[in-house]
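Swiss-Prot annotations:
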- 4-24: transmembrane segment (TRANSMEM)
- 81-101: transmembrane segment (TRANSMEM)
- 141-161: transmembrane segment (TRANSMEM)
- 174-194: transmembrane segment (TRANSMEM)
- 207-227: transmembrane segment (TRANSMEM)
- 233-253: transmembrane segment (TRANSMEM)
- 300-320: transmembrane segment (TRANSMEM)
- 351-371: transmembrane segment (TRANSMEM)
- 391-411: transmembrane segment (TRANSMEM)
- 414-434: transmembrane segment (TRANSMEM)
Amino acid sequence: MPDFFSFINSVLWGSVMIYLLFGAGCWFTFRTGFVQFRYIRQFGKSLKNSIHPQPGGLTSFQSLCTSLAARVGSGNLAGVALAITAGGPGAVFWMWVAAFIGMATSFAECSLAQLYKERDVNGQFRGGPAWYMARGLGMRWMGVLFAVFLLIAYGIIFSGVQANAVARALSFSFDFPPLVTGIILAVFTLLAITRGLHGVARLMQGFVPLMAIIWVLTSLVICVMNIGQLPHVIWSIFESAFGWQEAAGGAAGYTLSQAITNGFQRSMFSNEAGMGSTPNAAAAAASWPPHPAAQGIVQMIGIFIDTLVICTASAMLILLAGNGTTYMPLEGIQLIQKAMRVLMGSWGAEFVTLVVILFAFSSIVANYIYAENNLFFLRLNNPKAIWCLRICTFATVIGGTLLSLPLMWQLADIIMACMAITNLTAILLLSPVVHTIASDYLRQRKLGVRPVFDPLRYPDIGRQLSPDAWDDVSQE
């Protein structure tokens, strides 16, 4: 069975996904007028606006923190370690490339989710890829297919991956039994997810910034302490990225395809650009200024923080301690624990364990929120279905601590590809709408007015929208 999963992954990620992700990212970069570069200087202002409260939804900052909670999981630690061991230091460079290109894709999918959102019976905004497939494309069947993929991925597999990382970290540092880890983590997860969307969002708006700051500041201090090695580390990234590094002295050599494949894989698992997960959080926000593009820009910040800041910090720590092959017998999170012991002494692994617990717990909780959101699209938002999903998540967290790491990641990669292919197909078909959103936002900014989306200006789009999603702002 592992060989079968490995074959499927090699087909999907050896060619199909790389070309699709790269092509979609380049296409949306062009169609949006290089949106990730145009507004990068506005990230600070966008963050300031994101705390502006609006009725009927989360603040943009709460939405960003919820999406970051899902992004900033063990993929930022274990995933980076796996990328370096499988693709060499050059995989880090291709993670950066994938992140910059992915910003445009994220802008597109999150803007569409915000545009096609609707209110549930409680007045809370709901939306995501399933909604823009149904409303924007008129293909509800496609939305149902995507929602099922997401329920499998976020309700089951990805939470197991995160739990696996916690179990391995605790076992490596304290020889803690994986089953006990799974039970304790599952109980805390159940307590958190019963708080609902708003409760989780309030929890994450304080939790996520704190844990990110702890990890990044620690990494910066270690980099400063080892500043003499940084030029060599940075050169090794670029040298390996383009296949210049030859196998010599018994060390493993890495091909260009290995670096690109692993860089794109791990970048996508970490920042989720194009996968269709983040739009579920983006749609829940009452955007400020009241324009779909404003939420798209806020969610681009999430990719910047996730990959270009947090993942880079993890990569630097691993490469400062060795070249990624030094601890080849170790897998994933254990590799970065070993690296931190080299850099920080005996308590380095224990520190990583604490960070992994924080990252993975927040990711598991946010993963559940995404899955529950899609129950609403499938019209299964009744107490029985919701509790069934909660029990599945509870069981998956326990089960994930007992499975092997390679098998968990292979399953994650396959379902991630299925989600991405479905979502990217939809947003590429909706690219004229993305172009309209981006152009309308830019037009109003050039006029010096606060961007406000008016569906009456675009009647073809307006007819596709939920009648109560944008009526209020169109009259401002």
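The backbone N, Cα and C atoms fix where each Cβ goes, and this holds for glycine too.
Owing to the predicted nature of the structure, the values given are computational and were not obtained by experimental measurement.
By the Cβ criterion (distance under 8 Å, sequence gap of 6 or more), the transmembrane segment (4-24) is not counted as touching the transmembrane segment (141-161), fewer than 3 such pairs being found. With a cut-off of 8 Å on Cβ pairs spaced 6 or more residues apart, the transmembrane segment (207-227) and the transmembrane segment (300-320) reach 3 or more such pairs and are scored as touching. The list of residues near the transmembrane segment (141-161) in space but at least 6 beyond its ends in sequence, with Cβ under 8 angstroms from a Cβ of it, reads 70, 73-74, 129-131, 133-134, 189, 276-277, 280, 363-364, 367-368, 370-371, 374-375, 377-378, 389, 392-393, 396-397, 399-400, 403, 408-409, 411-412, 415-416, 418-419, 422-423, 426.
Between the transmembrane segment (391-411) and the transmembrane segment (174-194), the number of CB pairs under 8 angstroms, six or more residues apart, is three or more, so the stretches are in contact. Outside the transmembrane segment (300-320) by six or more residues, the chain places 35-36, 39-40, 43, 46-47, 64, 67-68, 71-72, 76-77, 79-81, 84, 89, 92, 95-96, 98-100, 102-103, 106-107, 110, 212, 215-216, 219-220, 222-223, 226, 229-230, 233, 236-237, 266-267, 270-271, 273, 278, 335-336, 339-340, 343 with a CB less than 8 A from a CB of the stretch. Long-range neighbours of the transmembrane segment (174-194) within the same chain, counting only residues 6 or more positions beyond its ends whose Cβ lies under 8 Å from a Cβ of the stretch, are 159, 163, 166-168, 200, 203, 350, 353, 360-361, 364-365, 368-369, 372, 390, 393-395, 397-402.
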